[in-house]
Every structure is written in C-alpha cells, then in structure tokens.
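Student: What Swiss-Prot records for this protein is below:
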type	residues	note
BINDING	93, 262, 298, 299, 343	Zn(2+) 1 binding site
BINDING	168, 298, 343, 346, 371, 378	substrate binding site
BINDING	262, 299, 437	Zn(2+) 2 binding site
C-alpha cells in the first residue's frame, strides 16, 4: 500500500481522524476518556483494577483498564492463547510538555489578572509566548452526598496569553531572546474590575481567582445540565494548551500542524491499529495477547503510580496470566513477548541539516522510523529490526532508521525502562516530526496511515514471525 504523490483518500481520512482525536484530547485525562470511548465502540469491556478478573476475562474477548484516568491499557486475548504464550505490545504515552497551574495560582499586577504556572516536562518554552492559550484538565467536585467526583473540563477558547515585551523596550530580542521562567513567564487571564473584586470579597478564596472557579463551575454545569456552585470545587489539575486547532497544511495537505504530536500521534495510531487488527475475526487463530498501554508522566521520567515504571503494565499482564495455575508461566510469557515503544521521532530539518547523522536521517511521509542507539537510550537491536522489517514487508509500508550524531546528545523513551522491568524484547520507533516539544509541532499527514497499517500487521503477524527469529532457544 505504499503511497506516492498526493494523499490517497484513506490516508487523508486517517489524518483527519487524528485531528479529531488530538483536538478533543487537550490533557491526558481527555485522551484516556477518548481512548476508552474508542475501545468501547469496538466491543472492549471495562475492567476495574479493584475487582477480581478471574471470572471476567476469557480468550477471544477484548478489555481495557485505567489508572488515575490518565493511563490506560487495552488488550485483546487470542482464542488460542494460553498462559505461557506471549504478548505483542505497542506502548505509548499520553502526556506532552505543558504548563500546569500552581496549587495557589492567583496572581495580579498593575490591574492584570494572572495565573501562576509550573513547567511540566522539557518544553521549548519560548514557543508559548504570544499564543492564544486554552485551559483544560480535571476538576474535583464534592457532591451533595459527600462523594468527590472527577469532571474533565476544556475551556475551548482563547483564555490566556503570555505576551512578549515590545522590541522597542528590548532591542536585543531578535538576537538573544531570554526570559526568567518565574517572573517573566506568567500568563494573563483578564483585567481586574469591580466584579472581580466583589467576587473575591464574597468567595474569600485565596488560592485561585474566584472568576476562574466560576468559569470552571459554569463549564461543568453546561455538561451536566444542572448548576454547580463554585464552592463545591475541592481541587483541580489544569494545564494550558494551544487554543488553535490541529489542522492539515502544506500545498498538497502533506503536513499536519498540531499541538501534542509527541506523543498523541503514536497513541492514536496504536489504538487504531489494535481495533483494526481485530477485523475478520482475526482473534480466532491468535495465540498471543495484543496489548496497547498508554502511560502518563513519560515527559517527567515515568516514575509515578501511573507511569511506565509503575506496577501498572506488569500487574495487568500478571493478572491475565493468572488464568493459568502455574506461577512460572508469567516469566515464560515475558520471554516470549515483544514490546514496541512507540514515541515520535526526529525528521530531517532542512534549515539545520548539520545537526543530523547523514546516513540515518528520516523524512516526513516516508514511513515510521526505527530508532537505534548503541548506548541503549533506545532499546532496538538486530533481532527486533529483523522482526519489524518483516512486519513492514507483509504490510507493504516503508520504514526508516534514525541514529543521533556522535557529537549530539540522545533522548530516550519508555522502551529501556519497560525492557529492564519485564525482560521483554523491545524496539523503539516512531513517526518522524519537526519542532518536537514546541507548543505547536508538525509531521507528515501520510505517516499516520503508514503507522496504523504497520502496527496492525505487527499484531496480526507477531505470533508466526516470533517462532522464526531464533535467539535464545
């Protein structure tokens, strides 16, 4: 299905589906909610970590489980699977570099209402200046019966802005723009007025602007078709985002311009591939379990209850293996499994070509990229490359390779962490992109379909291919 020239209808449809997903997923909480809805629409059943699964899961069916509502694991059990057989896994993450409201966010200066924010992850922070910014996250509301319920909120309009200083007051701005993250990187949300002063006096909230709490309460009230009092908001986790929608760009719509490509791009492709792989009753002859974990907190190290270094994935795989009676079967399943760490990759930047290794440089719309690093910043090895090349050949999609220069630092992914924790064979890959960790990034519009088809082929062919690549007998 290799594509040449302009996009095919199916490639464009896949790219447009991604736009819908990323525009509806301003936070990990929204992403997980949308993933759950996608899985349920394809017959997946929800499982609670707090319940016993022994009587609930069985071969031939599909399930998903969430943790903290910001990480999710979906899996489909082949009808021929038995404890001791392997898992085919494509792991992604749901978070992106962003700005998060501080526990006490209320600020004001010279008649402006401001909010205090804390940086999350390694963003290119200067790209957040002079952008229309929205606000989204989860809000904890106390109900009349005393329960505290999470509501996802998205103020889907330009609400905040971090303005730059006029060049007349900073003549060096074009040659050496720099700023203090604490004092010169404070978003504006409005102007002080009599209404704001009155609400502050009535509410007495010293943590957040009362007008902000009222805005959140109104947003929740609209979704519930009832009235929520701002005083019932107990706490929240809110982050800023680019208010401009993701969209197609370029002369032939060959680009996608979007926030959060890293890593909702791969999260979208993996989830689509899992459900696509189930077509034509493919689980009937499947001897493995197909798994897509999407973790929170990758951008800050993955060390949390819902991050990739948590018990989440090992616990889920262990519970699936407990369908058998022998405790040793879990360890056997691990060594028979293969994990693909799917995280976006660096495409060639035409204005900075000297920063790239000449022979292993990916390009947009040329296929998914296998990432290699001798120092195990990426976990790819020759056995994994052989497997992915065969998977790509069966799917008739192109793949590329990426290696950093010897005089350049190298990023990493959840791949090495999961490989070390589980002992599973692991490979790192991702679709190529530009402006990684910017407030707004870009990638190729054809590469979404390439990745979905590649990942679906991996799920459908892993069991047969795994037996033919002999390493440890």
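Just so you know, glycine gets a Cβ as well, placed from its N, Cα and C.
Locate each feature and note its surroundings.
Tutor: Of all Cβ atoms in the shown protein chains, 26 besides its own fall within 10 Å of the Cβ of residue 298 (Zn(2+) 1 binding site).
Note: residue 378 (substrate binding site) has non-local neighbours 341, 371, 372, 410, 412, 413, 415, 416, 428, i.e. same-chain residues 6+ apart with C-beta under 8 A of its own C-beta. DSSP gives residue 378 (substrate binding site) a coil state; it is part of no helix or strand.
The DSSP secondary structure for residue 437 (Zn(2+) 2 binding site) is coil.
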Student: Distance between residue 168 (substrate binding site) and residue 437 (Zn(2+) 2 binding site) at the Cα atoms, whole Å?
Tutor: 29
Student: Cβ within 8 Å of the Zn(2+) 2 site centroid (262, 299, 437 excluded): which residues?
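Tutor: So the additional residues around the site are 96, 97, 121, 122, 123, 263, 436.
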Student: In whole Å, note down how far the CA of residue 437 (Zn(2+) 2 binding site) lies from the CA of residue 93 (Zn(2+) 1 binding site).
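Tutor: Cα-Cα distance, residue 93 (Zn(2+) 1 binding site) to residue 437 (Zn(2+) 2 binding site): 14 Å.
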Student: With every protein chain in view, what's the tally of Cβ atoms within 10 Å of the Cβ of residue 346 (substrate binding site), excluding that atom itself?
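Tutor: Step by step: centre on the Cβ of residue 346 (substrate binding site), count other Cβ atoms within 10 Å, giving 19.
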Student: Could you tell me the C-alpha distance between residue 346 (substrate binding site) and residue 298 (Zn(2+) 1 binding site) in angstrom, no decimals?
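Tutor: Cα of residue 346 (substrate binding site) to Cα of residue 298 (Zn(2+) 1 binding site) measures 17 Å after rounding.
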